Amino acid sequence: MMKTLGAVLSLSLTLLSFGGAHAATMSFKNNCPYTVWPASFGNPQLSTTGFELASQASFQLDTPVPWSGRFWARTRCSTDASGKFVCETADCDSGQLMCNGKTGIPPATLAEFTIAAGGGQDFYDVSLVDGFNLPMSVTPQGGTGTCKMGSCAANVNLVCPSELQKIGSDGSVVACLSACVKFGEPQYCCTPPQETKEKCPPTNYSQIFHEQCPDAYSYAFDDNKGLFTCSGGPNYLITFCP
């Protein structure tokens, strides 16, 4: 998770009380023409950390409040001859459907949340900081304030530079690495000595992500465009291939 939202998560969980706690319902809808295998990682861990979602299917999962974490969808999953569950994109390397506290291996499109207690201000985004593997959107349901949709509706794989492409078993581009994940250099990861927004402007690579998905995080300091808020205890709809 990018540094900016990570700081928000930590601060929010420190300041928010548990008074008036209620469950926030996450509804998942798969509009992709193929099955996906969503997964979760967060604090505290949710009742399920992985499930199968067929094309056009829906699923609901409650989070406690406060809660911080992320969701993503694995693609091209199967069980190998040894009985190990594996996925071509965003695999969490648990060897099974449940990720059990493990995060997805980049590249992966992420939906990230800080859910506040007592109807306070939630923070959420769709992030490409770890790369892209499928289109995704996050839509608040109810709530007060701006409550805008975060989204990456475009198929970034179609414009992914060759050096960032992840190639699947059939030879097609199945995901697109971020420049940070691919090269690990400060100019792309906004790490020392380029750890501030002033020292770490967008790069040509992050601009590709931003042009395709202007309502998603394209790199670590994209919070002015990619980070959204909603108050009053909303629920959320997470759509794959919106």
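Cβ coordinates come from backbone N, Cα and C, glycine included.
As given in Swiss-Prot:
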- CYS32-CYS241: disulfide bond (DISULFID)
- CYS77-CYS87: disulfide bond (DISULFID)
- CYS92-CYS99: disulfide bond (DISULFID)
- CYS147-CYS230: disulfide bond (DISULFID)
- CYS152-CYS213: disulfide bond (DISULFID)
- CYS160-CYS176: disulfide bond (DISULFID)
- CYS180-CYS189: disulfide bond (DISULFID)
- CYS190-CYS200: disulfide bond (DISULFID)
- 1-23: signal peptide (SIGNAL)
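Features recorded in Swiss-Prot, as mapped to the structure shown.
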{"residue": "CYS77", "record": "disulfide bond", "Cβ contacts under 8 Å, 6 or more apart": "THR35, TRP37, PHE85, VAL86, CYS87, GLU88, ASP91"}
{"residue": "CYS92", "record": "disulfide bond", "Cβ contacts under 8 Å, 6 or more apart": "ALA39, PHE41, GLY50, ARG74, CYS99, LYS102, THR103, GLY104, ILE105"}
{"residue": "CYS152", "record": "disulfide bond", "Cβ contacts under 8 Å, 6 or more apart": "THR109, VAL126, LEU128, PHE132, PRO135, MET136, SER137, GLN212, CYS213, ASP215, ALA216"}
{"residue": "CYS176", "record": "disulfide bond", "Cβ contacts under 8 Å, 6 or more apart": "PRO107, GLY131, PHE132, ASN133, VAL156, ASN157, CYS160, LEU164, GLN165, LYS166"}
{"residue": "CYS200", "record": "disulfide bond", "Cβ contacts under 8 Å, 6 or more apart": "PRO186, GLN187, CYS190, GLN194, TYR219, ALA220, PHE221"}
{"residue": "CYS230", "record": "disulfide bond", "Cβ contacts under 8 Å, 6 or more apart": "GLN121, ASP122, TYR124, PRO140, GLY143, THR144, GLY145, THR146, CYS147"}
{"residue": "CYS241", "record": "disulfide bond", "Cβ contacts under 8 Å, 6 or more apart": "ASN30, ASN31, CYS32, PRO33, LEU134, PRO135, MET136"}
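In the three-state DSSP classification, CYS180 (disulfide bond) falls within a helix. In the three-state DSSP classification, CYS189 (disulfide bond) falls within a helix. Every protein chain considered, the tally of other Cβ atoms within 10 Å of the Cβ of CYS32 (disulfide bond) stands at 20. Highest Cβ count within 10 Å among the disulfide-bonded residues CYS87, CYS147: CYS87.
When Cβ atoms from all protein chains are considered, those within 10 Å of CYS160 (disulfide bond) total 22, not counting its own.
Listed in sequence order, the residues of the same chain lying 6 or more apart from CYS180 (disulfide bond) and placing their CB within less than 8 Å of its CB are VAL129, TYR188, CYS189, CYS190, TYR219, ALA220.
Within 10 Å of the C-beta atom of CYS189 (disulfide bond) sit 21 other C-beta atoms, taking all shown protein chains into account. The DSSP secondary structure for CYS77 (disulfide bond) is strand.
A coil conformation is recorded for CYS32 (disulfide bond) in the three-state DSSP classification, outside any helix or strand. DSSP classifies CYS241 (disulfide bond) as coil under the three-state reduction. For the recorded site, CYS147 (disulfide bond), the DSSP three-state label reads coil. When the disulfide-bonded residues CYS99, CYS190, CYS213 are compared by the number of other CB atoms within 10 angstroms of each CB, CYS190 has the fewest.
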